[in-house]
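Features reported for this protein in Swiss-Prot:
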{"type": "ACT_SITE", "residues": "146", "note": "active site"}
{"type": "ACT_SITE", "residues": "167", "note": "active site"}
{"type": "ACT_SITE", "residues": "185", "note": "active site, proton acceptor"}
{"type": "ACT_SITE", "residues": "252", "note": "active site"}
{"type": "BINDING", "residues": "161, 162, 163, 164, 165, 166, 167, 168", "note": "ATP binding site"}
{"type": "BINDING", "residues": "168, 210", "note": "Mg(2+) binding site"}
{"type": "REGION", "residues": "273-278", "note": "region 'Important for the catalytic mechanism of dephosphorylation'"}
């Protein structure tokens, strides 16, 4: 599920420093929000901000140099008609960018209609980039999953499995081997675009890892700044299972790579059996290295199948 609400005052305050903007009209409409239907139907935050567009009134409408010229470099009646059309469509916010001065007619109509309008010296393209990234994060589909989320060799890896299999201990060993912790226990996952899932740690659990028998460990304080990450893209799920579960539910060597659906995005999945004497940390590292090879187009299993086929043909 994704949130469907962000108000004009929150949008303004969150970017006051970055965009150096001022609230020039419609200050009484600080609670004005995006149309909830438009938000729920938007494929990403990119659909919710753009240059002046009469066809998509639900967007944050950005007025750069050309848009301001379109509104002002005509006769008074035409200018008033064009501006009135914008006001009638009731966009959530208007932003005058490129250091442009808003026409007096636009200011007065926004004030009369209580339509929030911001003015910034930053370029229109920069404003659009910043707001698209912000709205993509804010309105992203989201969920929470149980496990340990790690940065292993630059790849975001989520370790899952039933309780008592040693996920946190595995995470601790991987940290001691130079990898980074993103989140332990609860992982907040966001679909930031159609093909990417981003994982973060809830603020309450930031930098913390719980190990049975020891308690809570502050990984940043113990191992240093480089041992923690603020967020990572989810690229792989390592699922820990007991031996009987592995033999019952999974093939030993699957012909097709396993995947797990997370917020509508298929994520590569690897099953690792937990058993006394097995070095799970090394196995996880090997699985990640193998996945990196596959991303480069090197598939060891397919190469083995091809080698086996050629050997059989030679025997015949």
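Cβ coordinates come from backbone N, Cα and C, glycine included.
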Exercise for review: Please name which of the recorded positions listed here, 146, 161, 162, 164, 166, is nearest in space to the residue listed as 'active site, proton acceptor', Cα against Cα.
Suggested key: 146
Check your understanding: What Cα-Cα separation, expressed in whole Å, is found between residue 165 (ATP binding site) and residue 146 (active site)?
Key -> 13
Point to revise | Cβ-centroid neighbourhood (8 Å) of the ATP site, 161, 162, 163, 164, 165, 166, 167, 168 excluded | key: 240, 274
Study note, to complete from the structure: Once DSSP output is merged into helix, strand and coil, residue 168 (ATP binding site) belongs to helix
Check your understanding: Quick one: what's DSSP say for the residue listed as 'active site, proton acceptor', helix, strand or coil?
Key -> strand
Study note, to complete from the structure: Cβ neighbour count within 10 Å, max among the active-site residues 146, 167, goes to 167
**Study point:** C-beta crowding around residue 163 (ATP binding site), within 10 angstroms
**Key:** 6
Revision key, fill the gap. Of 161, 164, 168, 210, the binding-site residues lying within 10 angstroms (C-alpha) of residue 146 (active site) are 161
Study note, to complete from the structure: Whole-Å Cα distance, residue 210 (Mg(2+) binding site) to residue 163 (ATP binding site), is 13
Review point. By a simple count, how many Cβ atoms lie within 10 Å of the Cβ of residue 162 (ATP binding site), its own Cβ left out?
Key: 13
